[in-house]
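Below is one structure; the comments refer to it alone.
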Amino acid sequence: MCFASSIIEAHRKLFIAPPDLDHSDPATPTISTRSKMPRGKSRLQTEVCGDCGAGDPSWASINRGILLCADCCSVHRSLGRHISIVKSLRQGNWEPSVLNFVNSLNAHGANSVWEHHLLDGSTNSTGGKHVPRWRKPTPKDALHPTKSDFIKAKHVNLTFVLKPSLQDDDDGNGSAGCLEQELSRQLHASVRTSNLETSLRFLVQGADPNYYHEDKLSTPLHMAAKFGQASQIEMLLIYGADVNALDGNGMTPLELARANNHNTIAERLLDAMYDVTDRIITFLGGKKPDHASGRHMIIPDANGADISEQLKIARGKLQLVPNKMFEELVMDLYDEVDRRECEAIWSTSTLNADHATVPFLPANPFLSATRNQGRQKLARFNRAEFTGLLTDVLVDAMRRQNMANLRPMDAPVAGHQSLQSLPYANNSMLLGSFEQGGHDPNLSDDEPIYDPVASDDDYAPVPPMAQQAIVHTPPRSANSHNEMETLRKQLNDYKSEINQLKNVVQMLSSENTQLKSKFSSASNNSVYDEPLRIDLSLSSPDTEHEPLSLPEGGTANGESGSSNDSSNQSTIKRPASMYERRLVPNVAKGNTDIRNTTSMYQMAGDGKPFGEEVKVRSDLVTRRLKELIRAMQPVPEDQKQSIAPHGELIRSAVTDLIALYANLPPNASDPSRETLKLLTRQNILIQHECENLQKAIEADDKQAIQKNTLEVRDCAFHIASAIKTLVLQFY
């Protein structure tokens, strides 16, 4: 903890002396004017509030570089961290380099940058003739509205800041981009010196803290690290400089500081990389990790804590958040941590009723309304819930950082980025304030964006946790390189394998499509679809050869038998096996008018009667079916036969049988045509099912064996039934 009296006294001799004229900015006459002030007056200005002149300031605005009294600080806090980053001089936890920077900037005239037009008397230069002249308030003036209006004009609207003019551009083309580039080049040169006021003026006017100088091949942060300017580094970090930026030699500012033996600056840059997690760990009651020894994270240990199902779901959702959204969440949590710390100090240090508290984060006009709502809802978490959320974020940040270390070729993930630049990322460019004129009129701090949330139970209270230090040891470069090469090689192999499999799938798909089209065309253009008329007789003197019941329009003698036929068809029962007799009433025995005429198409091609040839080929199919059934019977392992060849033999025999009907005349009967269609379809299916059964037997898949066996039996039954129908036409 640091105390204002000892702080100011310790730095008085260092920062009160008149600045060196060689480092003064010729464009800012206030510097030379202040350097000629008596020592007593200069000392007096450094010990007073920068906004109202009150003595014994107890707060400081880090990014403004001024000290503040409690009255003015209350207004600064209500503006938000995107305007002013305030911290208590007496009770705040300060980094020595940051405290040194604030006192140095305050002592060397930071207020002359924010009150430029107020000091030179041109307070009406930014408005019309009806704009009233501004007067700097005194300590005795009322906080509202005198002090608050002045502070908002000074720090929000930047009314008194010397704004850059496009006519001042050297190339005379009036380009805003060229003006910003010129300001950035001057900032790049200024950070090599100790003149903080000049650098602050360039930043306020719109210079880019991450500007990459094409000739010097470096950024301003590289230059400040190279020349050992610790205060300049703090200013650049506060205004958003990237601590991981690379120069033309591929070096970061940290590596450049070490190369120039600026070890203290190197340690500070290393701490800045982990400022977010350090701040959260400290807020949780932990000790700041020793980054120099490789310890970057201290996460509370939740051993023995009851984890609810809701908390598990919330943690799972947190891990699915994209890196960019995770960065924004960490930024908002960082701001909320700062608000709660300041609020705790504020509640114990002020007794004035006019000093309003800040119950939630003020609205930031540079953020969306949805995000502002989410930021303000963070204040609804109680201490236990907020602690649980911070702990989960720390764990997930470490997980994302480890993933980034395992995949260095990828872009930096949220954990990597948030540990480096998030504490300063929400300091918007002040040049945007010149163009927009301050806050969005639709957003007001008097009417905060605050609505009910869906649920407050995502993070249930977490019991007290012990602390466990996690040490990260940097991996060896050689091993990491070898591992990365191995992973790249494996990745390429997997990609080639996937491409090969895709080609195989595409080839099989095309072949399948071709086969389907061929089968469809063969079925549609088959000679069996031609109309033919076959005189069928359903009578059989032999009960062993009972015919199948086929639909017919009437009997041969012209008697109507539709009612009997329909009743007989409804009582047909499917046999349990292909050899079991059908239980069909013998309805055809009463028919005595049997046609015995043999037509010309009933002669086979070799001169044999057609019916005799059909019977011969049908017997062959029957033998093949019996062989298949025997092969499917359970036998010892050494006597098992392959099922697939039997399917091929059956297909060949059935094909020969169907070939006899190739020359049928177009007057064949419908039952014959349907029977041949059924026989053709089942002939194709039985070979396929036999192959599937063989594969199931080889894989010893009992469920598949049972299923495929039923399919094979079903196909064999239909083939036998169709053959029986064809044979009975001739008996």
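Placement of Cβ uses the backbone N, Cα and C atoms for every residue, glycine included.
Swiss-Prot tags one of the stretches 1-24, 49-72 as zinc finger, and that stretch is 49-72.
For the zinc finger (49-72), DSSP puts the residue distribution at 3 helix, 7 strand, 14 coil.
Note on the repeat 'ANK 2' (249-278): its mean pLDDT in the predicted model is 91.
Across the repeat 'ANK 2' (249-278), the DSSP tally of helix, strand and coil residues reads 22 helix, 0 strand, 8 coil.
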